[in-house]
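Report on one structure; see the data block that follows.
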Amino acid sequence: MARPDTNFEEKKAQLARMATTVFAKYGYEGTTNRLIAKEMEQQTGASFTPALIYHYYASKEDLFKAVVNQFPPPQKLSQVIQDNVDAPPEILLRNIGVTYLELFEDPITASLMRMLLTEVQTHPELARIVAERVVPSVVMPLAQYITEQVEQGKFKSANPVTLLFQFFSPLFQRVLLNSLGFFSVFPIQIPAREEYVNSLVDGYLHGVLVEQKGE
């Protein structure tokens with residue numbers, strides 16, 4: 001009779017952490033149980049057979065979902081929102097912007113972003129998995145914050161999703177260009193992270209804030 005796996009959840013989480021590195025290095029299509037098992041052995045020093053992964057995850061999709069669910073960036077952005085939910089827009093947006101750029105300076109995070117961009121057309125389930133993690137924890141709370149700013153007469157009336165796209169698009173453009181190596185060949189100096197975010201927030205708020213009489 002097989003011995004029960006007393007550390008089942010712990011081993012599942014460990015496998016997801018190992019798989020994060022493998023997905024970032026080899027992409028979704030290129031990741032295999034053999035590569036994950038090899039990473040597990042290298043990091044832990046213990047023997048681990050590829051077939052054993054099916055004991056913890058039924059499919060690659062299930063494993064990738066576990067990777068996304070325990071991946072730090074959505075958790076950190078969610079925490080920033082919670083910590084600043086009562087702060088004025090200029091404070092919340094600056095903290096969100098700086099945190100967003102900081103997170104994508106991590107090589108693994110940047111690699112996973114490139115993986116999503118290049119493989120989502122052939123693996124549309126990737127978009128669904130990421131959306132299921134990011135929308136409830138990041139997008140919806142920010143949309144609610146913007147809605148409240150509109151209701152309080154501070155923001156101009158507009159679709160909150162549109163306003164979110166307007167704010168995050170310049171952040172994503174910077175992340176993408178930096179990730180692809182364009183910054184190293186630009187003939188002009190790229191603004192530092194904080195300077196970029198401050199300029200973005202100032203310009204963004206100039207467009208969305210309601211002008212107060214007498215100002």
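FYI, residue positions are counted from 1 along the chain as it appears here.
Every residue gets a Cβ built from N, Cα and C, even glycine.
Keep in mind that TrEMBL annotations are predicted by a computer and have not been checked by a curator.
Annotated features, as they stand in TrEMBL:
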type	residues	note
DOMAIN	19-67	domain 'HTH tetR-type'
DOMAIN	93-169	domain 'Transcriptional regulator TetR C-terminal Proteobacteria type'
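Per DSSP, the domain 'HTH tetR-type' (19-67) is made up of 38 helix, 0 strand, 11 coil. Residues in the domain 'Transcriptional regulator TetR C-terminal Proteobacteria type' (93-169) partition by DSSP class (helix H, G, I; strand E, B; coil) as 61 helix, 1 strand, 15 coil. The average pLDDT computed over the domain 'Transcriptional regulator TetR C-terminal Proteobacteria type' (93-169) stands at 96.
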